[in-house]
Amino acid sequence: RIMRPDDANIAGNVHGGIILKMIEEAGAIISTRHCNSQGGEPCVAALARVERTDFLSPMCIGEVANVSTEITYTSRHSVEVQVNVMSENILTGAKKVTNKATLWYVPLSLKNVNKVLEVPPIQYARKEQEDEGKKRYEEQKLDRLETKQRNGDLIFPVINPEPHTVGYSQSSLIHLVGPSDCTLLGFVHGGVTMKLMDEVAGIVAARHCKTNIVTASVDAINFHEKIKKGSVITVSGRMTFTSNKSMEIEVFVDVDPFVNESRERYRAVSAFFTYVSLSKEGKALPVPQLLTETEDEKRRFEEGKGRYLQTKAKRQAQMQQQA
């Protein structure tokens, strides 16, 4: 679809959350089609996880976004979907790849939303494709479990925080989940949640450096539990790490069941977003160093540094292979 002015961020490019929402919608369509392709009990594919997503190039208002998807692996109860996003300038015909992402979905029964159905298998061109897919499946399954186990942190307000501290830029957004946010099953679309998370992360980044900021990448987004219509969600973000030119922001979504529910608050989604600071001319600017004050903040900073160095090493290895 064509990108409109209401899709823009304050810099005039397409908002990163809009692109994440389109990616998720495309993934949900192909997964739901596949899971209903062989008859059986009707179902809707629900987003379980988004692997690391890089924003390779900005998309501009007036360009056409083309989101293409392919199912690359199926386990007994999950579907792996590869998504590519391309922008096209319809005046010049120029095209460029802006995003690549991998998403995992599970099929939920229309009759019983707590019932996960079996996924029809796909045919692989080579045995190696199935083996590689199984390896990716096991890795993401382990990472989701580890992430859920460390999801107990909360964000509390800080009185008169100093600039460039964690408390100075941390932000939260409260949202009542309405019908337009939800799937046929009455649960929030994964893309809606990701868009809200990107907005909060963007506010944290802008508060920290006081410049124009853009989404550079999103580390794995893990969807731990469903969010029902009528719930109140709190999307919270805090700075965890800064390098010379990038900022890592932890974002999580907590849910307060609001209507006819006795359940207590729970953690539904968690992720790490990476942003860069840009000048008015679109050039990368230095990022102010994050000032850590508590032992927990120092621990999170070191963990973020480890993720940053790991990603940097992977990119260098990919460049060497391409060369």
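Every residue, even glycine, has its Cβ placed from backbone N, Cα and C.
All TrEMBL annotations are machine predictions without curation.
What you see is a predicted model, and the numbers here were worked out from it, not measured in a lab.
Pulled from TrEMBL:
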- 1-111: domain 'HotDog ACOT-type' (DOMAIN)
- N9: active site (ACT_SITE)
- 167-281: domain 'HotDog ACOT-type' (DOMAIN)
- D198: active site (ACT_SITE)
- 296-306: compositional bias 'Basic and acidic residues' (COMPBIAS)
- 296-323: region 'Disordered' (REGION)
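A Cβ distance under 8 Å defines the sequence-distant neighbours of the compositional bias 'Basic and acidic residues' (296-306), meaning residues of its chain 6+ beyond its ends; these are 153, 166, 240-241, 248, 250, 272, 290. Summarised by DSSP class, the composition of the domain 'HotDog ACOT-type' (1-111) is 23 helix, 52 strand, 36 coil. Secondary structure of the region 'Disordered' (296-323) per DSSP, as helix, strand and coil residue counts: 27 helix, 0 strand, 1 coil. Taken together, the residues of the domain 'HotDog ACOT-type' (1-111) have an average pLDDT of 95. Counting residue by residue with DSSP, the domain 'HotDog ACOT-type' (167-281) contains 26 helix, 54 strand, 35 coil.
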